[in-house]
Amino acid sequence: MASQLTDVFARKFYYLRLSITDVCNFRCTYCLPDGYKPSGVTNKGFLTVDEIRRVTRAFASLGTEKVRLTGGEPSLRRDFTDIIAAVRENDAIRQIAVTTNGYRLERDVANWRDAGLTGINVSVDSLDARQFHAITGQDKFNQVMAGIDAAFEAGFEKVKVNTVLMRDVNHHQLDTFLNWIQHRPIQLRFIELMETGEGSELFRKHHISGQVLRDELLRRGWIHQLRQRSDGPAQVFCHPDYAGEIGLIMPYEKDFCATCNRLRVSSIGKLHLCLFGEGGVNLRDLLEGDTQQQALEARISAALREKKQTHFLHQNNTGITQNLSYIGG
């Protein structure tokens, strides 16, 4: 099914990133270094299972093929398995993924798969337990590693691992990461550090271009693969001697936004056209019952007329995004 969600730059949107909470129990230096602080979410709190069912139904009707559940830490919601099942009700949605810190992976991943989850991204910024603790504020490295093993045991053929690339922290550890994925079907995705409203100082200190790793991978014989239409923004590389893959997400690269295929809905029901963008379009008043789906679809489609051509990060724009937990990075 071709996506009906098309913007004025002829980009088609097949991929929804749906935040279901902004609460997180980790204190990652690049996201929530001081820990989670409630952002004043009052009124109805975070989206309910029924509201999630309605908003994903609308996106599915408009051609969305992939939904990623984000946060915060999605698995902190007690009804997380029910949320997966609610999204799974949409036959048009072929992929349901989660981005998680891995805290509850070992315990719950089999149940998530049974509910309909098809993909997992786990955040691991270092393979050194002490450095992992320093970055995340949690001494959970072994627990997260056990969770990744549990995901394979539960039947996931591949696990994606997200690593925020930081100068003088982990950028020099490529060989360690490559050894880890040589015999494991892990897609290791290095993500360039992005500047947010609260993270300007960290950005200036630790940002390094992913181009450095890209050049090194090509020098070592890694091969760039083609993207599918519902894939995320990573440039993916493979090598015949490795079971795993490497992905590079480089938002500061020229033309990064030209292939944008994803929209975001926050945990309080606002449609965000860009991670670094405007205040969002409220959808929640149309999620109260099943009778408003046509109006909901119309509002989503109309909002796309306002999507900008680029995120303007090159002009030092950080938008309203104070930290990445707010609308699910």
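Note that Cβ sites are derived from N, Cα and C of the backbone, with glycine treated the same way.
Database features (Swiss-Prot):
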DOMAIN    8-234  domain 'Radical SAM core'
BINDING   Arg17, Arg68, Thr99, Lys160, Arg262, Leu263, Arg264  GTP binding site
BINDING   Cys24, Cys28, Cys31  [4Fe-4S] cluster 1 binding site
BINDING   Tyr30, Gly72, Ser123, Met194  S-adenosyl-L-methionine binding site
BINDING   Cys257, Cys260, Cys274  [4Fe-4S] cluster 2 binding site
Under 8 Å by Cβ from Leu263 (GTP binding site), same chain, sequence gap 6 or more: Leu5, Phe13, Tyr15, Leu16, Arg17, Phe59, Leu271, His272, Leu273, Ile300
Residue from Tyr30, Lys160, Cys257, Arg262, Arg264 whose C-alpha is spatially nearest that of Cys24 ([4Fe-4S] cluster 1 binding site), among the binding-site residues: Tyr30
Inter-residue C-alpha distance, Cys260 ([4Fe-4S] cluster 2 binding site) and Arg68 (GTP binding site) (nearest angstrom): 15
Around the Cβ of Arg264 (GTP binding site), the count of other Cβ atoms that are within 10 Å: 22
Whole-number mean of pLDDT values that fall within the domain 'Radical SAM core' (8-234): 93
Separation of alpha carbons, Arg262 (GTP binding site) and Ser123 (S-adenosyl-L-methionine binding site) (Å): 20
Residue from Cys31, Thr99, Cys257, Arg262, Cys274 whose C-alpha is spatially nearest that of Met194 (S-adenosyl-L-methionine binding site), among the binding-site residues: Cys31
Maximum Cα-Cα separation (Å), residues Arg17, Arg68, Thr99, Lys160, Arg262, Leu263, Arg264 listed as binding GTP: 20
Cys257 ([4Fe-4S] cluster 2 binding site), number of other Cβ atoms within 10 Å: 19
Collapsed DSSP category at Met194 (S-adenosyl-L-methionine binding site): coil
Other C-beta atoms that fall within 10 angstroms of the C-beta of Arg68 (GTP binding site): 21
Local backbone state of Cys257 ([4Fe-4S] cluster 2 binding site), from DSSP in three classes: helix
Around the Cβ of Thr99 (GTP binding site), the count of other Cβ atoms that are within 10 Å: 22
Structural state of Ser123 (S-adenosyl-L-methionine binding site), classified by DSSP into three states: strand
Rounded Cα-Cα span from Arg68 (GTP binding site) to Cys257 ([4Fe-4S] cluster 2 binding site), Å: 19
